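Working notes, beginning with the structure itself.
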Ligand SMILES: NC(=O)N[C@@H](CC(=O)O)C(=O)O
Ligand SMILES: [Zn+2]
Ligand SMILES: [Zn+2]
């Protein structure tokens, strides 16, 4: 017996079209105007949007080592609630994902307890200390899909160049957290209007852009696929745009919070507005929107970075950087970028499905007959307030509390298995 998702709307060349979808086993077996076949479970998706499960190439699941912040079980449950079926997890765990054993542990846990598919990223350097390259061949063999020292920048140009050479020989993208430590020196927010007003140490834009520029040159020299993490400055966007025009293999991701907020929007010294890179200026935010629009920035990721309430309660200077994002990403983007007319629904969905799949050469991100039944069903009508108490994530650290949003995922399917289902999506039973 399969499942028929009936009467939902799918995106076809930018238009919403009503279709029935038959899911059998782990795959989509048929998409048609109407599927009347008897003997299947029927789920009524009337009026709902049906999209491929979202792919998030930048998530912190925190396990092993930081289970008070998040676990593979809670982080992937959070993903499922947000309509994500595939998440790439960053290696800044304890231990760092720098050995095949840790890769295997994560894959095993994800298989046993996960509500989303987990793709581990391996570290570039041992313990992310920037001193010695990891055994990338062994990491790849164990299942990593890319390498990254996310959480810190690779300070040495020589180390980064060597990393690119090895990664390229193995076909692994180099995913870079771009941050020059010598320019950061204890900053906690963007160096700009907010830092000045509150007398806080700022993080200048060049701290990021310098690495982007350096790494583009290194990618050009080595032929590496270089991917810029959480891009946040106008200068970084310009550098990526120019590099793409010259044919360098560079791709980039941006987070919803950088697209929707700037430092002027921070109401006060609240650690829920503290993340790395920080919320930049109004001009930077405009450059990110433009970069996403024109394809300079390829994809949207959350950089879901849960921390405990105790950690985030230490004040803006002492609290760790990071905010959660999986459960609010699509509603934020839909309400603030699609309903406002700045982006089309197709543009936003593509940057969360098809594009990350293409960039990282993954076989998911499309809703097609014969493909994996990774599906998100989304209610575009009901407005709800963001309430962190309802999150499946252990993290409550979000600046979006109380925002009134539409576009909430109500059902998520991973390889044909329902991994999140809002009450309103209860099955009507088998069709006779
Ligand atoms: N983005 C953040 O503010 N924090 C991330 C690290 C990172 O993504 O660089 C974390 O691990 O908490
Ligand atoms: Zn980072
Ligand atoms: Zn991160």
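Cβ from N, Cα, C; glycine included.
Take the CB of residue 303 (active site) and look out to 10 A: across all protein chains shown you find 28 other CB atoms. When secondary structure is read from DSSP and collapsed to three states, residue 303 (active site) falls in the coil class. Residues or ranges marked as active site in TrEMBL: 303.
There are 27 other CB atoms within 10 A of the CB of residue 58 (Zn(2+) 1 binding site), with all protein chains counted. Look at TrEMBL and you will find 58, 60, 150, 303 tagged as Zn(2+) 1 binding site.
Taken from TrEMBL, the feature substrate binding site covers 60, 61, 62, 92, 276, 307, 321, 322. Around residue 321 (substrate binding site), the same-chain residues at least 6 positions away in sequence with a Cβ under 8 Å from its Cβ are 274, 275, 276, 305.
Taken from TrEMBL, the feature Zn(2+) 2 binding site covers 150, 177, 230. Shown in sequence order, 58, 90, 91, 92, 121, 175, 177, 229 are the residues of the chain, 6+ apart in sequence, with a C-beta less than 8 angstroms from the C-beta of residue 150 (Zn(2+) 1 binding site).
Residues or ranges marked as domain 'Dihydroorotase catalytic' by TrEMBL: 47-236.
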> Tell me which residues of the chain lie with their Cβ under 8 angstroms from that of residue 61 (substrate binding site), as long as they are six or more apart in sequence?
Replying inline: 70, 71, 72, 75, 76, 87, 89, 90, 93, 106, 118
>> Using a 6 Å cut-off on Cβ distance, which of the recorded positions 150, 303, 321 come close to any atom of ligand 3?
In response: 150, 303
>> By the count of other Cβ atoms within 10 Å, pick out the sparsest of the binding-site residues 60, 230.
In response: 230
>> I need the neighbours of the Zn(2+) 2 site defined by 150, 177, 230. Which other residues of that chain put their C-beta within 8 angstroms of the C-beta centroid, in sequence order?
In response: 58, 90, 148, 151, 175, 176, 178, 179, 229, 276, 303
>> If the criterion is a C-beta within less than 6 angstroms of any ligand 2 atom, which of the binding-site residues 58, 62, 150, 177, 307, 322 pass it? List them in sequence order.
In response: 150, 177
> Relative to the Cα of residue 230 (Zn(2+) 2 binding site), which of the recorded positions 60, 62, 303, 307, 322 have a Cα no more than 10 Å away?
Replying inline: 303
> What is the interatomic distance between the Cα atoms of residue 307 (substrate binding site) and residue 60 (Zn(2+) 1 binding site), given in whole Å?
Replying inline: 10
